[in-house]
């Protein structure tokens, strides 16, 4: 049984910590800062960091990789088509890799960056570590990719089993939900989610992980084929958007300025 906890970093990052109590081995996802991981290891001296999983090359996701590799000798996994510090295993779409006894499938999900990958573990309760591609009620900015690429990447993730747990890497949920409410003010599920997320953050509690089912009902970037979302995008752009990709592009540009 793998336990998953979040180690906060910077202002709003989460470094996901996977723990196998049987072997006393652990793994981390996107350690942008080594210090939170080093502190956890110091508090748990009988545990060993065996793997470091990286989704993309941005500094707030890889800044701690080299130091942790030097400290622990952990294996570093990352996208083949990006420059990842101290990488041991370069991963491409469709490959499978075993971490702490779990087999993860690699998805290439370009958009936020061109080489971005996600790690998916199919199980009774599937796990998805998706970096800055899919957020709770949102998606990543398009620093390198196109709207069409990101739309395709999100559609791929949206097709995963509804109970898939979504481990993204930023506490952006409330700001994303405010935008989602601007897009769909009459979405009852969205209003309920906003109220719940507000209660959690007022108690300084994490709003993650999410689930694919929740994203399908409340994330505007996964709802670009819904009439209510298309109508709002048409109003925003002043023209008829004929494809889901066009609707997505309007929403992403709007969110960038929201």
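Glycine is no exception: its Cβ is also placed from the backbone N, Cα and C atoms.
According to Swiss-Prot, the Zn(2+) 1 binding site annotation covers 56, 58, 112, 132. Annotation source Swiss-Prot lists Zn(2+) 2 binding site at 60, 61, 132, 170, citing sequence analysis.
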Starting from the Zn(2+) 2 site formed by 60, 61, 132, 170, give every other residue of that chain whose CB sits within 8 Å of the mean position of their CB atoms, in sequence order.
13, 30, 32, 56, 58, 131, 169
Taking the Cβ of residue 61 (Zn(2+) 2 binding site) as reference, which residues of that chain separated by at least 6 in sequence fall under 8 Å from it?
13, 30, 31, 32, 54, 55, 131, 132, 169
Residue pair residue 170 (Zn(2+) 2 binding site), residue 56 (Zn(2+) 1 binding site) - Cα distance, angstrom, rounded:
14
Centre the Cβ atoms of 56, 58, 112, 132, go out 8 Å, and tell me which other residues of that chain have a Cβ in range of the Zn(2+) 1 site.
55, 57, 61, 113, 116, 131, 133, 140, 143
Count the Cβ atoms, other than its own, that fall within 10 Å of the Cβ of residue 112 (Zn(2+) 1 binding site), considering every protein chain shown.
26
Using a 10 Å radius around each Cβ and counting other Cβ atoms from all shown chains, which of the binding-site residues 60, 132 yields the largest count?
132
Using a 10 Å radius around each Cβ and all protein chains in view, which of these binding-site residues has the most neighbours: 56, 58, 170?
56
